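Structure first, commentary second.
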Amino acid sequence: DCLGWMAGCDFNDNKCCAGYVCKKHPWCRYDL
């Protein structure tokens, strides 16, 4: 199971769904 838009991911990209990043913030966001 992966986390989608604005889900809490604790700075761990691996928790986010494909296309989302979490490196510099605590939420999954679009990888622009």
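Each residue, glycine too, has its Cβ placed from N, Cα and C.
If you check Swiss-Prot, you get these features:
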DISULFID  C2-C17  disulfide bond
DISULFID  C9-C22  disulfide bond
DISULFID  C16-C28  disulfide bond
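A map of Swiss-Prot features onto the structure.
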residue: C2; record: disulfide bond; Cβ neighbours (10 Å): 13
residue: C9; record: disulfide bond; Cβ neighbours (10 Å): 23
residue: C16; record: disulfide bond; Cβ neighbours (10 Å): 21
residue: C17; record: disulfide bond; Cβ neighbours (10 Å): 13
residue: C22; record: disulfide bond; Cβ neighbours (10 Å): 21
residue: C28; record: disulfide bond; Cβ neighbours (10 Å): 23
Using DSSP and collapsing to three states, where does C16 (disulfide bond) fall: helix, strand or coil?
strand
According to DSSP, does C28 (disulfide bond) fall in a helix, a strand, or coil?
coil
